[in-house]
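What TrEMBL records for CYS268, HIS326, ASP349 is active site. According to TrEMBL, the feature Ca(2+) binding site maps to ASN389, ASP391, GLU439, GLU444. TrEMBL lists 260-352 with the feature domain 'Transglutaminase-like'.
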Amino acid sequence: IAATQPSTNWHLKENAREHHTSKFSSEEPIVRRGQAFTITFNGTEHPEQNLIFIAETGPKPSKATKTLATFGISSTVSKEGWSAVLQSTSSNSASISISSPHNAVIGRYKLSVQSGSSSPASLGTFVLLFNPWSSGDDVFMPNKAECEEYVLEEFGIIFAGNKNHISSFGWNFGQFQGDILNICLSILDRSLYYRQDPVTDVSHRHDPKYLGRVLSAMVNANDDQGVVLGNWSGKYEGGKNPSSWTGSGEILQSWKKSGFKPVKYGQCWVFAAVLTTVLRCLGIPTRTITNFSSAHDADRNLRVDEFYDADGNHLERGADSVWNFHVWNESWFTRNDLGPSYSGWQILDATPQEESGGIYQCGPASRYAVKEGEVDLDYDCPFVFAEVNADCMYWNYDSATGKKTLIFSKSTEIGSSISTKAVGRDDRVDVTSDYKYEEGSAKERDIFKKARKKLGLEDKFDPTAPTQEEIEQKPDISGKFKVAGSLEVGKDLNLLLVLENLQSDAKTVNVNMTAWSTLYTRRRVNEVWKDSLSVTLAPKEEKQFPINIKYPQYQQQLTTDKTIQVTALCHVQDGIQVLVQRNITLDNPAIDIQVLGEAKVNKEVLVEVVFTNPIDTEVTDCVLQVEGSDLLQGILELRIPPLKASEKSSTKFKLIPSEAGPKHLLVNFSCDKFPDIKTFKMVNVIN
């Protein structure tokens, strides 16, 4: 090799096409492990003779930790380690095909070449990622359409609302935008694991189990100054309301720009969406999962206790809770530590709920293990099992005496309509049956018992548990809330309380009713309405009582989650109490997006967004936020003048798409009365 630096041609376009990395907008080569890439460099006289390549990564590269490889030219690709195969030579340049092993450490590598006794010359750096297209990789996904969706797709749909009323919104994962890959690599270098022992941490980066767990800790700010700071208070001063984000890019960029200070604020879907971005970026197939009526079992007894006072107010007692919905992740990889049947989808959860191993991290828990009640298997299976399976106990609590009385218990309440986005379509797919056997079936109860047994709950006496006698008591009446009319912010809320006497003698009932605005975690924020009534029900009689909560009554009290919990506690004379409850999620008014004309690569196209103020008062502070990978750079923010009652606003702006194919435009409209109205539109961009 001459004393001058060899000049290297990394064949960026060709390698990126072969390695499914064309969507990254980087001047640096980005390739996937276990697959060959080609480089050409000059300055070599006789390349086939004693050229030695050196690939190294991490702070102290060594062969022992598999962070340093030296390899010469060989005639075939090595099965085990790194290899270089000569493709062609000319007078002073050589084309070489370089292959890394299927289990190589991922990250940024330095590549050098050495000839004879001269010192190594640098050929440059490249980034090595996981390879779901390669059958030897732990993250191998045989279905190509699934690889496209779970690694290459930058748009996602997140499901929310509640089990009676599932809603959804779009999200821009943006894993290939700008500097996101570098930010993802710096997340790894800021973890507690890396800070404690950088050499060991980097040597484990070949393993998706390890990286998934580390990243589930790093995406939340607890313990490690990670990416997003959670806030479930309903007050978001000093940061952004969790409902206002529309993509991960802005969050990850802000984290870097601020010198790696946690971004304010997130709730479960924000943690899950950011983790999806980071894992897809690194090449691990990942999706978001929404679980409705999701249990947070703080004391590992597979039981969630909820307490109510005599007026029917939901009390904040104990650490257990049930959320209207909770969003976590599934990532796809093998479980060599557990055995082949536990491979496939693994649950990771970056929302800081309970500590695991001393820090806020969760997973990977094998989805198959959760379904089979194998709660003794790594990692965090009991917590995930409870999220979809815990039994629910509703208690009446008397604060004066400290006495609690069981109202009723339910084993079919928790974990319903578990949802994710379909592959290649903007639809919802229900995956509940992958998490548990059919609710109420004998098999499902057997699995629940098996899990209790493994956790040592079957044999030990639990003084807080209800007696068998309490569980088996039968109420004299039944009740439910029915929705009468539309559930829309800006309109009155009309419900019916339906009470039915189940006995053949008359029953007198005193009913205490309350309605509270809540967060999606069912945490109470403001009282909206209360009332009481007395009624005598004839034998087997059913009666309906209309409830009307006017918009001005709830407008000031509503949280951005737009949720109201309505409760009726029925005191039956000489009988046991009956609790009737419903969690209601209101819908925002609609906004409409129209693309005016054909969307073509590198050509301007006009988009119109229309919003009509549905209420009879003026709305002010109107802001429109727009983003979408390959449609526009960053986020477009437009201020809109106030809108009078029933007034319609039309806002037009230009896009210049940068890539052909189906792309998604995400719009978020906010004003003083309606924060964060979201919608998205698929835009088909042609060349």
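Heads up, the Cβ atoms here are built off N, Cα and C, so glycines get one too.
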Cα separation, GLU444 (Ca(2+) binding site) to HIS326 (active site) (Å, whole number): 22
Shell of the Ca(2+) site beyond ASN389, ASP391, GLU439, GLU444, same chain only (C-beta within 8 angstroms of their C-beta centre): VAL388, SER411, THR412, ILE414, GLY415, LYS436, GLY440, ARG445, PHE448
Other CB atoms within 10 A, centred on ASP349 (active site): 30
Rounded Cα-Cα span from ASP349 (active site) to GLU444 (Ca(2+) binding site), Å: 24
Counts of helix, strand and coil residues, the domain 'Transglutaminase-like' (260-352), according to DSSP: 18 helix, 41 strand, 34 coil
Fewest-neighbour residue among binding-site residues, criterion Cβ within 10 Å, set ASP391, GLU439: GLU439
Cβ-Cβ neighbours of CYS268 (active site) (radius 10 Å): 28
Listed recorded positions among CYS268, ASN389, ASP391, GLU439 whose Cα sits within 10 Å of ASP349 (active site): CYS268
CB within-chain contacts under 8 A for ASN389 (Ca(2+) binding site), separation at least 6: ALA295, LEU302, ILE414, GLY415, LYS436, ILE447, PHE448, ALA451
Alpha-carbon distance [CYS268 (active site); ASP391 (Ca(2+) binding site)] in Å: 22
For the domain 'Transglutaminase-like' (260-352), the mean pLDDT of the predicted model: 95
Alpha-carbon distance [GLU439 (Ca(2+) binding site); CYS268 (active site)] in Å: 25
